[in-house]
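Scroll down for the structure; my scribbles are underneath it.
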Amino acid sequence: MTSTTAARTASSRVGATTLLTIVVLALAWFVGFASRLFAIVRFESIIHEFDPWFNYRATHHMVQHGFYKFLNWFDERAWYPLGRIVGGTVYPGLMVTSGLIHWILDSLNFHVHIREVCVFLAPTFSGLTAIATYLLTKELWSPGAGLFAACFIAISPGYTSRSVAGSYDNEGIAIFALQFTYYLWVKSLKTGSIMWASLCALSYFYMVSAWGGYVFIINLIPLHALALIIMGRYSSRLFVSYTSFYCLATILSMQVPFVGFQPVRTSEHMPAFGVFGLLQIVALMHYARNRITRQQFMTLFVGGLTILGALSVVVYFALVWGGYVAPFSGRFYSLWDTGYAKIHIPIIASVSEHQPTTWVSFFFDLHITAAVFPVGLWYCIKKVNDERVFIILYAVSAVYFAGVMVRLMLTLTPAVCVLAGIGFSYTFEKYLKDEETKERSSSQSGTTKDEKLYDKAAKNVKSRNANDGDESGVSSNVRTIISIILVIFLLMFVVHATYVTSNAYSHPSVVLQSSTNNGDRIIMDDFREAYHWLRENTADDARVMSWWDYGYQIAGMANRTTLVDNNTWNNSHIALVGKAMSSNESAAYEIMTELDVDYILVIFGGVIGYSGDDINKFLWMVRIAQGEHPKDIREENYFTSTGEYSTGAGASETMLNCLMYKMSYYRFGETRVGYNQAGGFDRTRGYVIGKKDITLEYIEEAYTTENWLVRIYKRKKLPNRPTVKSEEATIPIKGKKATQGKNKKGVIRPAPTASKA
């Protein structure tokens, strides 16, 4: 009877725990989804930023024409006159995922536009990311820690920044694939099962198809295997898991057209292959260990490892030298040397996401989890095992990379949420332990302890306290106060995450918002206004020149041909556009004529104080152009005499006469941005411009938006017979005037007449 009651009690507890887990995960999914809809509520269902516009355009093309034609799609509206082969230059996982969801909904007679699927894809996947994080943390620590981690990542600003509604980018689905791949890797390592390793390889294949950050996975998992070997934790489970995963993952990843043979021909993938080979050697050594003497084993191990290691290094450098294996890319070098990209590849350094992360960003995106994260890391180090070595390596490497590049804050956030969940869970378990359970367990062993002497009892109590932890000597009031403080911190995290998501990460870049003194909202829709004008008032084959930041938006919203866009695959072509922007009007006209440019688009924020305009980006245009055309463009020529970058009174003549300056400030000298400001006062820079009377000779103003944010100019077509100016009409005759001889004066002879014979 007692055993039956105990079984029923245990079964009811398991059922209640399962129900609670499902409810918490469902709430985390719902809260994560709802908190990402601020942009939809305030504005409308619209695609955000820059890259998402190309992703949406590519997805729309795939849904209309099919996947096969998508892979063979040649985009003639990009990179004129070169064009772009889309299928072999994109990660198709995002498009395939959206297309599959759209097909399923359409099959169920839920007819929605593909744009709505794209807008709501990232918020939907945030719930899947929370579940994947729960599964990973559960394998690493406990179900309670998993629930904490799932709730953290559901609303963490570090992840929300790339997954709000409308942010249709690769990261929206890639973080789910990242966490799920890590979960399957830990599961396969714990079980040593080929099935889990195969599932891990399939999840990795999805990650490869979705985001270029898959390189982080294919280097972190080998690093984990190498660390286990060095720590003496080699096992057959590790051999089966890694060998199965690496072979399948490499073959599957090569099926993505954009990746191709990179897994076997690039340096970024060679560490994984090296660990694979090392694992075979270690397995062979373990096999031979019980079959030869210890001295023979040490000789074979040390000698064989040294020879094979040296041979591997020689073979690698020979393959790189011979061109069979590509060296490390510039982006890889920029992770180890933050100044490398600025000197050698300015196009990489010009991207704001590639800048180093400030200290404020860590606390802004992570809040209290950044402070608790080291606690969870310490708990994992204190109670280390095979799988916890993985999260330790993940955390340390992610912290470093996030400090080097602000974009990689996205890869740090999952690790922080996992370790913060472990930290909070373990702390709450310590300070909220059931007192009745402790008293019951102590009373069962109390009868034998009462018979012992006081000094013996004191020693036993001391040893028990040492085993249970320091919290045993803490009173219930102190435990209650600490628990309340932790709950307050968690509530503060929720408030902070909601505030940051609402005010910092839920504003589409194509729609700007400001407020008046009395709090009324002002919506500035200049971007879409300009793109709509281009779509309605220019020829279908018109070519638009702009800086590469706006290429995807022009192609997506205006449906016009661009010279460069956000793909940035051709540095020399971008440098040519930068040279045109940096040159004087006549030199720029020659470049634009060669490129068949019809319209030029620039972003100017001097009227409304928009800091992300082209004048503030102009130095990057100069640097990129200088890299390809050092004889024509020199960065120092655009500085003042004191070495400052300015468009004000002290600006250099080169700066005042360049095409970018003229297009930005044309007619601006006549404009007053405030009652107490002089004409030509630039709100963004905070001073009056250096040259107000700007005239244009080779281009003409075509359209300027309401708030002067977007300005469009048209390249003039020069006439075949140029008009001669009046002051140049008199042609001077050089040479001496004849004053002597029979040729002194001219003689007019009568015209010859024809007579009939």
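Positions of Cβ are set from backbone N, Cα and C atoms, glycine also.
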Swiss-Prot: matching membrane side for Glu268 and Arg407: yes
From Asp51, Asp75, Asp337, the one annotated by Swiss-Prot with Asp169, Glu171 for Mn(2+): Asp51
Per Swiss-Prot, the range holding motif 'SVSE motif', considering 350-353, 466-469, 526-529, 646-649: 350-353
The transmembrane segment (143-160) in contact with the transmembrane segment (211-235), cutoff 8 A, at least 3 CB pairs, sep 6+: no
CB contact flag for the transmembrane segment (359-381) and the transmembrane segment (300-320), at least three pairs under 8 A: no
Cα within 10 Å of Asp51 (site 'Interacts with target acceptor peptide in protein substrate') - qualifying recorded positions among Arg162, Glu353, Arg407, Lys617: none
Overall pLDDT for the topological domain 'Cytoplasmic' (1-13), taken as the rounded mean: 68
Recorded stretch that, among 211-235, 300-320, 470-495, has the most CB pairs under 8 Å to the transmembrane segment (270-289): 211-235
Cα distance (Å, whole number) from Tyr552 (dolichyl diphosphooligosaccharide binding site) to Lys617 (site 'Interacts with target acceptor peptide in protein substrate'): 18
Rounded distance in angstrom between the Cα atoms of Glu353 (site 'Interacts with target acceptor peptide in protein substrate') and Arg407 (dolichyl diphosphooligosaccharide binding site): 5
